[in-house]
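Below is one structure, written out as structure tokens; the observations come after it.
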Amino acid sequence: MPLSAAIKSSLSVSVRADAKGLVGFANTGYNGITVLKQTYWTSFYMKGEYSGTVLLRLTGTDSGTVYGSRNLSVKSTGGKWTQYETTFEANESYVAENEWQLLFDAATAKGHPLHFGLVQLFPPTYKNRTNGLRNDIARPIADLKPKFLRFPGGNNIQADRPGDWHYPNTDALGLDEYLWWCEDMDMVPVLSVWDGKSYGGIVSGEELQPYLDDIKDELEVTLPLTLLSHPLRAYLTPNTNEQYLLGPPSTPFGALRARNGHPDPWPIQYIEIGNEDDYSGGCDTYPDRLVQIYDTIHASYPNLTLIANNMDENCLPEIPLPGLWHDYHYYRSADDLVAMFNYWDNHDRGDRVLVGEYGCRNDSNPDGVFWSFMQGSCAEAVHMIGLERNSDVVMMAAYAPLLQHFGYTQWSVCTPSASLAYLGIHPADRGEEQPTLFGFESRPNSLTLSTSYYVNRMFSTNQGSTVHKVHSTAGFGPLYWVATSNETAYQVKLANYGAANQTVNIRVPGVGRGVLEMISGPKDASNLPGDIKIVPVSRNIRAGKEGYTVHMPPWGVAVLVVVFK
């Protein structure tokens, strides 16, 4: 039985004639549910004849321990759906094996089925957003001070077939929620649109026209029902001739956006067209599809920046499209990623590039590695230094994968990376048996910040706006560096990709005091769940006669910040 035009299925519960006491159903989450000492919000829609009490609770699956509960009085009828919501306090469970239960009186429910839809349970969310992000997971992301969010990202936009990837996704994370995420973390949104290619086939030519209309609808006419997770999506109809994303609140869809909590138009400036056509058999038709979509968007929004999903000349139009950026994805072993240090040095300075996905992969093992390790994190630092030195070309860069639930993994990349020109995040993809930037599971206190997380945080929270020429008595390797400044400080970033100690003297004009932050560890060392040993250490440092003397241990990464204002 559909709950709405957008939610076409629901749970039907029939009670056996011999049932007694409390009956109902449970949701066991993703390998359990994290239960902490905090307030939980829960909601569900109900339809069917039932007047009485519903018991909502969080319990141990094996132990039966009740950590929190609420009795809720309901009066449901068979003629309509009714939403019920409540909150309750919970005590902490120290195990992952927990479940949410909804129970009702068997005697009262006998003889007619009860229907339930859009069942939800939320802990406190980041900035208290409705349908928002988990606080414990969102905060480490916010601590990175990321600059943009590419969404829905990767194979979630490319899909196994039109509209769907092949493993479970948090589909309640919709267009509004992505944009609130951007607003709450002060990130620039990079909106991906489907370009007609999925792993189940390609739609091109005249057959692409309905999807061109859909892109226009998303931007200026009708928000696609599948992209809006707010309950009001049930009332949206096609061909509403007003604007949701970009329209003023005086229009019907602008008014809807305002009712959803955002009176001002969403600040859409960047749109990427598809995902990885060069890697997955799309090149024969991508040039034509790209032109079709480019022309459709550019005609109405000439000031938007449009991004092709690859840099392959054989996968792009023969005649370059004005103002088009290019996206480049690559994963490498640690040594190969370091070898790409100067990859962008001789690139066309007129080009503009988004490195939408990259990371260090240990390809000596066909399955990659399970955990971020210090050599790989140092390799990423070297590569980030190379990207920052070329930030006139590489405008944005994002590592992938960002995070994962340890029990729900799909592919292996040893560690994530990020650009220092603009640090971005790629939320959709996941690694195999490894924490990527960081990982978690349903057991409390399982959040595991990797060595790469700390390297990325060191770099992303110490960004400059100007890259400076450095006069050096040595060449790059095994020590790599870049010097930048902003309106208040100089930043010097260093990485020692080698097994020997290195000492470097750094002269910074005019100031004699700074702060040095450093992370280092054995080549193969990793942070593991419950065993986080490798973290950055900060200390004050004074300049001597030779400047700031920095001793770089093997596989060490450091950032020197010298404030002049």
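FYI, residue positions are counted from 1 along the chain as it appears here.
A Cβ is built for glycine as well, from the same backbone N, Cα and C atoms used for every other residue.
Per Swiss-Prot, the features are as follows:
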CARBOHYD  N71  N-linked glycosylation site
CARBOHYD  N91  N-linked glycosylation site
CARBOHYD  N128  N-linked glycosylation site
CARBOHYD  N303  N-linked glycosylation site
CARBOHYD  N362  N-linked glycosylation site
CARBOHYD  N486  N-linked glycosylation site
CARBOHYD  N501  N-linked glycosylation site
SIGNAL    1-19  signal peptide
| Same chain, 6+ residues apart, C-beta under 8 Å of the C-beta of N71 (N-linked glycosylation site), given in sequence order | T53, V54, L55, L56
| task | Would you mind listing, in sequence order, the residues at least six apart from N303 (N-linked glycosylation site) in the same chain with a Cβ closer than 8 Å to its Cβ? | result | none
| Once the chains shown are all counted, how many other Cβ atoms turn up within 10 Å of the Cβ of N91 (N-linked glycosylation site)? | 13
| request: May I ask which residues of the same chain, at least 6 positions away in sequence, place their Cβ under 8 angstroms from the Cβ of N501 (N-linked glycosylation site)? | output: H551, M552, P553, P554
| query | Counting every protein chain present, what is the number of Cβ atoms, excluding its own, within 10 Å of the Cβ of N128 (N-linked glycosylation site)? | reply | 9
| If you draw a 10 Å sphere on the Cβ of N486 (N-linked glycosylation site), how many other Cβ atoms land inside? | 13
| request: Could you state the whole-number distance in Å separating the C-alpha atoms of N486 (N-linked glycosylation site) and N128 (N-linked glycosylation site)? | output: 33
| field | Whole-number Å value for how far N128 (N-linked glycosylation site) lies from N91 (N-linked glycosylation site) (Cα to Cα) | value | 20
